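Report on one structure; see the data block that follows.
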Amino acid sequence: MALIAPSILSANFANLERDFDLLNQSACDYIHIDVMDGHYVNNLTFGPPVISHLRPLTKKPFDVHLMIDRPERSLKAYKEAGADFLTVHTDATIHLHRTIQEIKEMGLKAGVALNPAQSPEEIRYILRDLDLVLLMSVNPGFGGQSFVPQVLDKIKELKDIRTQGNYSFKIEVDGGVKLDNAKEVLNAGADILVAGSAVFNAPDPLKRIQEFKDIQ
Ligand code: DX5
Ligand code: ZN
């Protein structure tokens, strides 16, 4: 069964508590939290103070996607705020291997994100250390963009690499995932689907999460 991580980027920032109530009632597996710094991406969202206020609202794991420059400077703050998964972009940190080790040494799950133009080849030598590889299926920065179809081949390639290397990381696909392409994304080899606008812009977000969970 697909693991579903609704992205609160499309939630109502003026009423996150209400949206967390909804997520608590849902069958979602993780809560995807998009941190944007206005540098690595143009958009700006929130950081550790907001996440730490969200933490008591739910028991669901926080899947924190850092779209920030030099994430190594603030890993500890995200751990203290309540992150369970911490995912960094390869091109935002100078010593990626060290950053991953630091995340793991703090006892968190470590993820690396690849943008649409990047190849899994770039992270070959750290794959054994990862709990998660996040494949961006839009360019990072905004919700509601269209799925980049070439990512389907990348998912398959990464899944083959995982099988050959006997690695254990999960494959997460983030951006433009909708009910009508989710099956294809899962068939290609994704384990976790991130869905922002598809969930929060749906007339009934709770029902929409269940529809994602029910995909066979
Ligand atoms: C984009 C973010 C995504 C975003 C996905 O930079 O990383 O998590 O919320 O939004 P949708 O599902 O609307 O494409
Ligand atoms: Zn994201």
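Just so you know, glycine gets a Cβ as well, placed from its N, Cα and C.
Unlike curated records, TrEMBL annotations are generated automatically.
Per TrEMBL, the features are as follows:
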ACT_SITE  Asp34  active site, proton acceptor
ACT_SITE  Asp174  active site, proton donor
BINDING   Ser7, His65, Gly141, Phe142, Gly143, Gly144, Asp174, Gly175, Gly176, Gly196, Ser197  substrate binding site
BINDING   His32, Asp34, His65, Asp174  divalent metal cation binding site
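Once the Cα atoms of Ser7, His65, Gly141, Phe142, Gly143, Gly144, Asp174, Gly175, Gly176, Gly196, Ser197, the listed binders of substrate, are compared pairwise, the greatest separation found is 17 Å. Checking the binding-site residues Gly141, Gly143, Gly176, Ser197 against ligand 2, not one has its Cβ under 6 Å from it. Taking the mean position of the Cβ atoms of His32, Asp34, His65, Asp174 as the divalent metal cation site, the remaining same-chain residues with a Cβ inside 8 Å of that point are Ala5, Ser7, Leu9, Ile33, Asp63, Val64, Thr87, Leu134, Val194, Gly196. In three-state terms derived from DSSP, Gly176 (substrate binding site) belongs to neither a helical nor a strand segment and is classed as coil. Under DSSP, Ser197 (substrate binding site) is assigned to a helix (H, G or I) in the three-state scheme.
Proximity of Ser197 (substrate binding site) to non-local residues of its own chain (separation of 6 or more, Cβ distance below 8 Å) is seen for Ser10, Gly143, Gly144, given in sequence order. Proximity to Asp34 (active site, proton acceptor), defined by a C-alpha to C-alpha distance within 10 angstroms, is shown by the following binding-site residues from Ser7, His65, Gly141, Gly176: Ser7, His65, Gly141.
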